[in-house]
Amino acid sequence: MASKPEKRVASSVFITLAPPRRDVAVSEEVGQAACEARRARPWEMLPTKTPGAAVGRSPKTWTPSGKTNASLSGVTPQLSNGGCSLPPPSLNEEDLDLPPPPPPPSAYLPLPEEEPPVLPGKSLISDLEQLHLPPPPPPPPPQAPSKGSSVHPPPGHAIPSEEELPPPPEEPVTLPEREVSTDVCGFCHKPVSPRELAVEAMKRQYHAQCFTCRTCRRQLAGQRFYQKDGRPLCEPCYQDTLEKCGKCGEVVQEHVIRALGKAFHPPCFTCVTCARCISDESFALDSQNQVYCVADFYRKFAPVCSICENPIIPRDGKDAFKIECMGRNFHENCYRCEDCSVLLSVEPTDQGCYPLNDHLFCKPCHLKRSAAGCC
């Protein structure tokens, strides 16, 4: 009794294909990997014996619609990504009653069309226009980064090379103020550094240690000082250079009155007769250099006219002249002939004075008195 043939089911192998890529090198690697995988399965390359060969019909293989067995048997189909497709599995008699398997999916998957990227700002404006809302205000202009701050570009943006960047503007190198001092010390004639203590006095700059009294070398920084002949002096040394009062002997510091080659305090320069302060008025001196006011001096030392017996002094701002004759003093207006009262001249002429026995006469009266034997 013949044994019943065994049922054999050929297992089908499904290969999940990766989506195609644009990189040619990667596609070739995938095709080579698929071919190597096929070579690694020798059982698929061996011919399979169909147990139904004794029945008298050859098994039929399924072919896709629109293609014949002749076109499929002679050429091994290749995928678009460079891989090799597996041959269709062999079927037995029991498998012929099964419905044909669904057609395999297409190896080529079309790439979606690339759409231009939509900026978020334009999509936001279009949405606002549909809602009848005003568009947002434009973004502020980019501000130049401050010095010392680092700017990081957003991800996905390439940083331009150094050749593409514009050269930085050339800024003049400026030194801080007073770093290089042009002031020179008025005493040692060396530069005054801005970091050193300095004193400004008498329109010049000095080191603090150089601004001293020129007599006793006392430090004058922050102290009261005096200037004499362009030299700074402390108060004691300055007072030693001042003049002493010609009457009291004290130093004259404020207002000074100079007379007789000396200096006086205003209260010390007074008249010796009335003790009135003369100040800047006119004064007179006697033989002992004593000071008198003009009025007291004339009252004491002015000559007295022998005719009117009044002192001969200037009046109403006019100078007064005295005439001396025979040891007597006369005013100009009092110098007349005692007989005819004619004004006598001081010149030795006919209109001059012709005295006779201590009397003043003109020439005609003098001759008349002499002839008469009078006086």
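Glycine residues also receive a Cβ, built from the backbone N, Cα and C atoms like all the rest.
The region 'Disordered' annotation in Swiss-Prot covers 40-176.
Positions annotated as compositional bias 'Polar residues' by Swiss-Prot: 60-83.
Per Swiss-Prot, the feature compositional bias 'Pro residues' maps to 98-107 (among others).
Annotated compositional bias 'Pro residues' per Swiss-Prot: 133-144 (among others), in sequence order.
Residues annotated as domain 'LIM zinc-binding 1' in Swiss-Prot: 183-244.
Annotated domain 'LIM zinc-binding 2' per Swiss-Prot: 245-302, in sequence order.
Residue counts for the region 'FERMT2-binding' (278-375) by DSSP state, with H, G and I taken as helix and E and B as strand, are 18 helix, 24 strand, 56 coil. Taken from Swiss-Prot, the feature region 'FERMT2-binding' covers 278-375, and the record attributes it to similarity to another entry.
The annotation domain 'LIM zinc-binding 3' is assigned in Swiss-Prot to 303-372.
Confidence across the domain 'LIM zinc-binding 3' (303-372), taken as the mean pLDDT and rounded to a whole number, stands at 84. Sorting each residue of the domain 'LIM zinc-binding 1' (183-244) by its DSSP state yields 7 helix, 20 strand, 35 coil.
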